[in-house]
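Structure, as structure tokens:
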Amino acid sequence: MKRNLHPQIKLAGVINYLIIFGALIVVFGTFAQQHYLTSVNFWLIWCLKNVAVMASLAIPLIIGMKASTVKSSNKVQIIILSVFWLLMMGVKLVTPSPTVITGSLYLITRIGPSLLCYLVLLAVGPIIKFRLQAISLPSLRKVVGGLAGIYLVSSLVLGTKWLGITGGQTIVAYIALFIIGIWIQTDPLIKQLRSRLLIPATVLATILAIFVSWLNTNVVNYDPHHGMTTTLHYLDGISLNQPLMIVACVGILIIVQRFWLTATQLKPQDTILLGTSYLWLMYPQVLATNLTLLINKAHHWPLFATLGLLVVLAIVLTLVIRLVIHLTLSLANKLNLQQIDPLPVLKRFTIQAWRTWSFIGTAWLITVISIWHLWNWKLDMLQWMILNREMVIFINVVMIYAFFAILMAIFNRYWFASVATLTSYAVWLVINLIKISSRSEPVLPVDASMVSSLGSINDLLKLVSPLAIVGVIIVILLACLAAGLLQHFDSTKRWQLPKRIVMILLSVILLSSFRVSNHPGSIAAKSLSYAKDKPYFYSQLRAAKLNGTLLQFANNIDVTVMDKPAGYSEKTMRNLQKKYHAQAKQINQHRHYQNMDHQTVVFVLSESFADPTDVPNLQVQGDPIPYIHSLEKTTTSGKMISSGYGGGTANMEYQALTSLSMTNFSPTLPTPYSQLVPYQKQTFAASDLFSYRVAIHPFTANLYNRKQVYQKLGFNKFYHLQGGDKLSYTAKIQNSPYISDESAYSQALQQITGHTGGQFINLVTMQNHMPFDNYYQSTDYPVSGTAFADAEHKKNIENYIQGLHYTDTALKGFNEKLNKVHKPVTVVWYGDHLPGIYNGDSMQQYGIQLHSTDYLIYGNKYSPAHNVKLAKHCVVSPNNFAAMLLKQMGVKVSPYYALMTRVYEKLPALALNPFDGAGNNTANGSSIMVSQHEQAVSKLSKKQKVLLHDYKLVQYDLTAGKGYLANSTFMDR
């Protein structure tokens, strides 16, 4: 007997209520508070969650059962739901992130596209239903059976994600459920099913669906090292792609249809109410943030008290939503939205806007191809990228369109603006590919300092193949010609002044938003997080593969120097000053030299120097560096753990000079020389120990902003190739474009002998800089093994090793001359990083070895460092060099260098994470500690933790904090 209960309103309300109730259960963390598997309450909450999931799964089925066959019948509902969606996105963007999170906030996994699928269903559903009602009943049954067959084959048998059907939230899946709903409503066989069989079968299907849902969500694997481990967690969202759950939903709706009096169509308010259910599933953060106080209190309540609260909240929210829908529909009727003809609007934004869509399509295609190239043209990655990174690709396209809009707003010439934008984007991508091939890193904002002058541009062009330059020039010329022709034959596309003003303002605001994109509370940061933007500042190439080079560039615009360490205050820093003042007194009892007034110290950064015989899977015939090997046996020497591979010279130099570690900085600060030093009020470096300071770099002065950096660090002279203090020695070896190490050492020797009194010299060589082409007439050290993947890289390695041999010879000659200089000279000599040419070795497997360079600390026979070898020296990091130098020379230290001495003596070597792709997905995973045996250190002692925290406090104070120690005696002896 059917009951007349106005079931459409009741059914829509019940569905909406169940979904809100399920969302609240998850947001309140109710499930996480129950004892795992062992309590009735645990399974009760699990059942309630699944009922809410089934309610959401029933929505497209209900729409199919009750859809109209009149075209555009859902026009007003689509408009209102679209407005609600935009409002909810706005609310989410301005709402702070929830502070109470237990497990996932989402009831259903991959719920993002659901409302869009629902809106599409409302638009095309009437047309589909009209067509299906025109066919015979047997044909309809075949359609339903065919859909079921496709689903089973694609999802269960083949295990494929074809068309994304296994996710459940695609228009394909929604249309399939919609058609099943039509079948439920129209097939007379449904009405002939006996209730005595139907109801028990539905109950059994529901129980089995909930049980199988548990098995699918709480997937457990056995690991011999860790025992039973979960690969999918029960606190995560539940998937809609569950055949038994679909069967249970169909059974429940058949029962509902049988026992409730039903009308033929849903009312507009019901359709909207069902659509709003998706908003709560898509944006649970809004609930979590605004109900924080209740969530905190409910954590201490009994389960049924919490459930009672959730029942009330769900009823209140449902009633409020229905009231809002009623008021909105009344307004829509007054505005007569139903009479609006959407066809002209659609034509305007589709057919008539073909130019805009062609631009967007081209930009999308270029972006996809560029990212696909970074994945080495792997087809599976192409599919994954299109299906899973669509929002990130969209952001790249929006940014490109913003640049186009600015040009269009200024010049109002469509084809010139369009072609200029796309050509510039293509050139940008080529530049990125060149940098990635040589440095394993995309273009970053800090690279802008390299193109600040014509001279530096010429220097950078020397690093690029002439064919590539010619190709780019040809493309630009062809683009200019194409733009001119297109503009000539299609010059009608213009923007009116109001649109130009609005578009340029919106574009500037959009692009400027990246200035705060790394601020957690900003709308830009929330939007990028929602789009699954993954900056990975500690692994820029990985981030470029995931985000595209343009978005990754923008990710690096907003930079934080360093996170504030716990307990930072003026009182804390004054206590640290006293602590290390006492440490300095203790250390200085065993030091003999008061200062560096009569000492000459040379820091030599040997470009790309690293012993090739230590590279895994590489065999070198002969010894290309015999002198350095002999010197290592008699001096303080060992391995320096670099924070770069194939590049990062300036970062090693910065750490060596300042004794500050890159690991302490924020991962958004990849290059302190460009992002930090120019903006510091005060800087501190080992060169401050000397009254006279000289820098020598036989290359351009503008790379890594060195000219400004050395000036900021108080250097008296800077010898380089661009004006200023001119180099006296500029000879090169054979066909090499770079000044030789022999010339660089001769320049340093001239400075050593030409100046009376103490001085500090910072020499950065260039001879072994990439690329490693056929610069030398012969290569005397053939290589074999698997450290290279092709003949080209084998040749590059052999050319590189030949350069190392010339470095070995030059260093021998330099040291022989130093021993004839009648004043004390001490040298800190180190390689900055390995060259990026060992493409056969896995960074995940050999990360530490591929970041281990060589270093030496020694003095001539007049130096106090002569014939002294430090006890701890096997493995260090560049921030240790100044403290090691002072210890080896026996020079007394300030409280600052007392701290650095303890850091050198007591802590492992510190470096950025060398294991590219090791699975560290947070900024905390971007650093590593390395023992004296070149092994990763996972734990520190309590004293080491205190020392490391002291180190971070001091570094923060001097670089990003209040500078309490900057003007104190902490920096002075």
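Even glycines carry a Cβ here, placed using N, Cα and C.
Annotated features, as they stand in TrEMBL:
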- 43-64: transmembrane segment (TRANSMEM)
- 76-95: transmembrane segment (TRANSMEM)
- 107-128: transmembrane segment (TRANSMEM)
- 140-159: transmembrane segment (TRANSMEM)
- 165-185: transmembrane segment (TRANSMEM)
- 197-215: transmembrane segment (TRANSMEM)
- 244-261: transmembrane segment (TRANSMEM)
- 301-325: transmembrane segment (TRANSMEM)
- 356-375: transmembrane segment (TRANSMEM)
- 387-407: transmembrane segment (TRANSMEM)
- 463-485: transmembrane segment (TRANSMEM)
- 497-516: transmembrane segment (TRANSMEM)
- 599-891: domain 'Sulfatase N-terminal' (DOMAIN)
Next item on the list: Please check if the transmembrane segment (197-215) comes into contact with the transmembrane segment (301-325), where contact means 3 or more CB pairs closer than 8 Å and the residues in each pair are separated by 6 or more positions.
Entry: no
Checklist line | Average pLDDT across the domain 'Sulfatase N-terminal' (599-891), rounded to a whole number | finding: 91
Note to self: Ranking 107-128, 356-375, 463-485, 497-516 by the number of C-beta pairs under 8 Å to the transmembrane segment (43-64), which range is first?
What the structure shows: 107-128
Check: List, by number or range, the same-chain residues at least 6 past the transmembrane segment (497-516) whose CB is under 8 A from its CB atoms?
Finding: 398-399, 402-403, 405-406, 408-410, 412, 522-525, 554-555, 557-558
